[in-house]
């Protein structure tokens with residue numbers, strides 16, 4: 001079974017996108033089982049008998065159940081598929097088994113797309129499917145010489161021929177809303193911000209160069225120091241840990257002036273393509289409003305998605321027009337002044353001292369001035385500060401990361417009676433290839449502070465900017481350049497080798513390809529489709545799109561049928577003489593003179609003349625011309641002339657034949 | 001009941017579309033195509049995948065579904081084209097003993113493009129994996145099982161392909177006009193002395209040329225004592241039997257009536273055995289059947305003729321039961337003995 005080789009190869013390829021989600025034992029088991037089947041094919045070992053197979057199945061299922069432990073998620077479903085295929089290898093004997101494997105593997109390819117949508121991953125998936133389809137061809141024609149090469153060729157040809165329809169369907173098939181809600185619970189923790197902040201949390205993110213999101217701006221990009229992407233607010237200090245006081249409630253949309261994020265980006269608008277986070281947080285610049293309707297304002301000047309971002313999400317925001325909060329209620333005031341009952345006495349003393357100097361503005365500027373003047377350091381390698389961490393940071397160690405300083409500053413401001421909160425998000429972003437969009441990476445994660453100043457509302461204060469101005473002006477790389485700690489754990493990240501121009505160039509180009517892939521192919525969902533359709537003349541709604549898709553399919557089927565029908569016709573009746581002779585035959589049959597196999601035109605003409613006496617002359621002449629054309633050596637007579645002559649004769653015969661009713665058959669064999 | 005009615009309707013419809021003929025070019029008119037079981041499952045899988053794509057709002061799954069769906073339709077054309085234009089003809093309907101397989105020889109001729117992985121089947125007999133490259137032809141022996149003697153004609157010879165993916169099958173039938181022949185299975189005939197003498201009174205007038213033509217052979221069990229040449233036994237002590245008895249009862253003739261009271265099929269089997277025996281011995285013999293007489297002769301061809309006569313004795317040559325449509329060329333072709341003027 002040569003088909004086995006192709007299916008095994010497809011299986012191996014389909015496992016690649018899953019490598020970090022599958023439990024290692026499953027990968028190993030699949031390797032062993034597939035290898036076993038492979039060896040059995042070469043005849044070196046035998047496939048297990050029924051009992052052994054049963055035992056293997058039971059053991060693996062038991063291990064699977066033990067691993068899953070009742071947590072059902074898309075991940076466990078995917079690993080179940082993999083397990084099923086792995087076990088199926090042991091009993092792939094008949095063609096039917098191969099089809100079962102083929103179907104499971106095809107679905108596995110679809111499941112792979114749920115997890116990874118990068119262009120390379122998509123390529124791997126499609127390549128694996130191609131392997132499977134070639135495998136099916138060898139399964140159906142096992143002994144065909146050069147079967148694999150011809151299989152590839154045939155598959156390629158078919159794909160090329162069907163490509164236009166596939167593209168049209170992809171563009172026009174209506175992107176419906178989910179039919180029923182299927183939260184994609186993934187067992188895997190994703191890298192990214194979390195909803196609590198302990199000093200040191202963000203510094204682990206700072207070692208990660210994965211993409212967080214990418215942004216395209218309608219107008220000019222804001223300058224680097226203004227790129228504060230707010231994600232969530234932490235306003236409750238629980239010992240050393242900052243938490244959300246309560247998950248901010250989603251406000252129902254207050255204004256309806258939304259255009260759904262359709263059309264060209266206008267100045268001041270920006271599109272964010274967020275990598276999957278499994279969270280509902282939408283990151284936005286300060287003072288933004290939501291444009292696309294998949295993001296909803298959620299209080300505290302934040303935005304939320306309607307459902308967790310389990311795949312990459314595109315949303316559109318606009319700068320400006322944000323109405324500031326007019327005043328702070330007493331409840332809110334209490335909430336933003338909350339502090340633990342005791343701890344960090346020196347910080348509280350500092351706050352009291354600052355209050356004595358004057359107004360809240362002066363308190364804030366005084367604290368920032370202190371950070372700037374005293375020898376505080378911004379470092380990715382902060383010392384551990386177990387007890388009274390804020391005191392230790394402010395007065396003893398004086399070394400920390402943004403999370404340390406943001407937490408400490410909020411503590412001091414609150415102790416001084418100024419409502420304050422920690423904001424988590426990202427700060428910065430590097431331009432991608434061509435400079436037309438920003439890439440924000442996980443190491444751009446940042447924490448800063450917002451304080452409530454009466455009359456001015458919430459004001460952004462970034463203690464890190466006072467200590468390491470380069471962090472907010474050009475990014476983490478420059479801020480920790482002296483320390484050399486930038487991405488020190490990520491040996492293979494291209495961002496680490498920024499000083500090598502070629503690496504940098506290649507990585508940015510790759511990112512641009514991927515960005516466009518994500519924006520236009522992966523992200524081609526409801527909104528992008530409506531976006532595209534709105535640019536076409538005559539607005540197309542979902543229903544019209546449905547009709548259009550059906551029309552495309554119908555037209556394609558019709559066209560294909562016509563083409564193949566025409567091809568057949570041309571092949572059969574390519575010869576003009578042949579066509580004329582055929583229509584003569586039809587005429588003869590109408591006259592009750594059936595054509596017999598092996599009959600010469602002369603004989604047929606004779607019988608026709610017998611049955612219809614008026615037709616002798618044209619019939620004999622017709623037969624003569626046909627005979628001359630086919631059987632005599634080339635003569636001076638032009639084929640055009642002959643054709644014309646034949647046509648005239650045929651017409652004459654038909655005219656003659658119509659005058660008299662069809663004669664009863666003279667054929668004795670009827 | 002309805003199913004039976006429906007089935008017979010379908011059969012009649014098919015028979016109308018595919019007239020009896022020994023040769024047929026497969027075209028849109030007589031070629032059928034449907035998804036296989038795997039194809040059905042594939043369709044269901046595509047729907048499930050589309051639902052997955054819709055529910056997870058995943059564009060790539062949409063793309064995957066459209067691609068596979070388009071491939072399925074493409075495969076439909078491929079599968080159809082794999083057979084369309086193929087000419088299938090029955091070259092030779094074979095002969096064989098009843099109960100064994102009768103070899104039918106078919107020729108598949110292809111113009112245009114290749115026909116790959118084609119299978120030919122009649123009843124339980126299947127030959128698969130036939131590849132016919134463009135412009136070439138292949139001869140295929142299809143062993144058709146037979147149960148009893150007589151004409152063997154598979155009602156339909158099915159030609160099928162599932163190439164390239166096995167998700168669809170295209171098929172057609174050839175309804176052969178010619179029939180093969182299953183010869184009666186030879187059974188050793190008991191020696192019936194003088195049997196049939198009454199029936200063939202006239203042939204007894206044949207001159208009997210004394211005993212010098214008689215066969216002498218050693219005695220074996222069952223021989224009548226009257227036939228033993230006792231004189232010779234007295235002289236040499238060997239029991240020798242003169243076989244002139246059969247000679248006397250027209251030894252040249254194998255006679256249907258020689259086995260009175262025996263079942264007809266059994267008689268034919270005995271006669272077949274006798275024919276083979278005579279052939280093996282190289283003797284001249286004739287065959288006398290009610291309504292048919294084959295003059296004495298010797299040799300393979302003669303024996304074959306006799307065996308065929310035995311095989312089809314009392315049987316009607318199969319014809320198409322359906323009425324021929326007036327004026328169809330193919331109908332005339334199918335009628336035996338009319339074509340090839």
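We number each residue from 1, going along the chain as drawn.
Glycine is no exception: its Cβ is also placed from the backbone N, Cα and C atoms.
Taken verbatim from TrEMBL:
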COMPBIAS  A:652-661  compositional bias 'Basic residues'
DOMAIN    A:394-465  domain 'Transglutaminase-like'
REGION    A:651-670  region 'Disordered'
TRANSMEM  A:22-39  transmembrane segment
TRANSMEM  A:51-66  transmembrane segment
TRANSMEM  A:72-90  transmembrane segment
TRANSMEM  A:97-115  transmembrane segment
TRANSMEM  A:121-141  transmembrane segment
TRANSMEM  A:162-180  transmembrane segment
TRANSMEM  A:545-566  transmembrane segment
**Asked** Taking the domain 'Transglutaminase-like' (A:394-465) alone, what is its mean pLDDT?
**Response** 88
**Request:** May I ask for the residues of the chain that lie six or more residues beyond the transmembrane segment (A:121-141) and have a Cβ under 8 Å from a Cβ within it?
**Result:** 1-7, 9-11, 13-14, 16-17, 95, 98, 102, 105-106, 109, 112-113, 147-148, 151-152, 154-155, 517
**Prompt:** Using DSSP, what's the helix, strand and coil tally for the domain 'Transglutaminase-like' (A:394-465)?
**Reply:** 27 helix, 31 strand, 14 coil
**Request:** Give me the stretch from A:51-66, A:72-90, A:162-180 with the greatest number of Cβ pairs under 8 Å to the transmembrane segment (A:22-39).
**Result:** A:72-90
**Prompt:** Sequence-remote contacts (6 or more beyond its ends) of the transmembrane segment (A:72-90), Cβ cut-off under 8 Å?
**Reply:** 8, 11, 15, 18, 21-23, 26, 29-30, 33-34, 36-37, 47-48, 53, 56-57, 60-61, 64, 97, 100-101, 104-105, 107-108, 111-112, 114-115, 184-188
